[in-house]
């Protein structure tokens, strides 16, 4: 049964153009071709990166946080109350007004006391500033090295300067060692993020889409480095440096994601292959994935532009977009929708942006 399913999944007509078969891509004469089995190396890479991350955060990020005086905010613990604790764990972290009144009757507490209990209890679940700093430092360091690693792997390749060269000899293209290790490290990194979801700062966007695309296309890392770098310096209260890096990040994001990506990369994968072969399933599959990614780029660009607009025309500090206190919004999703009247920024569109941004970052 499994063998039959595997044969259908890897059917030649799905992934190869024309009358080519997988037998044409067998290693010979010193030429090594990309194979699905090569992806297995991403697993040990992910495990190694988890070890490297642990050592990095313990022996570099933590001492750096101490040097810059980054401290966790003291949070008051919630009172012991089995009824509220059971409701918090089994029902919801942010109760509606009707639920608050119901809990007031069950506990005999006034409404304000119940609201304060849930606020403090949510605070206990949120990651501390030092944890966010360590995580941002690790990602910033990886993206920086990945960016320069990509330059070293590609600077002497002809297809960097002439995109038609990407399809020269396709699909009989040998796999270079520099390409192999770059892709394995990138995929290992995203796979390590999947493994660390249970103890990382929670985010809504899955890494699955990135993992699939890494098997087909090298992602750019410089804008991620600038964004994570901006967060690192913001946690260290270097606001001018943080603001400057965030502005550079916004510019680089707009250029690479709204100009280079659709008009160079997607054009390369959408137009040039048809000059050599008729369209096949793999052609549509990867191009649809790239289009989905482009839609996400448009959405994120709209959020960034709206934040920049607010910064320019309302004189709201740009550092607020990265400010640690904005993590308070992370657990106030229903409050932002008007379920509570004691949240001072519930109608501030900039705060709404921060809520979404910190769940997508």
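Here the Cβ of each residue, glycine as well, is placed from N, Cα and C on the backbone.
TrEMBL has this to say about the protein:
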type	residues	note
TRANSMEM	38-56	transmembrane segment
DOMAIN	71-128	domain 'Homeobox'
DNA_BIND	73-129	DNA-binding region
TRANSMEM	136-155	transmembrane segment
TRANSMEM	180-199	transmembrane segment
TRANSMEM	246-272	transmembrane segment
TRANSMEM	284-305	transmembrane segment
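Here the DNA-binding region (73-129) is broken down by DSSP into helix, strand and coil counts: 36 helix, 0 strand, 21 coil. Taking every listed stretch (38-56, 136-155, 246-272) in turn, the largest tally of C-beta pairs under 8 A with the transmembrane segment (180-199) is reached by 38-56. In this model, the domain 'Homeobox' (71-128) carries an average pLDDT of 88.
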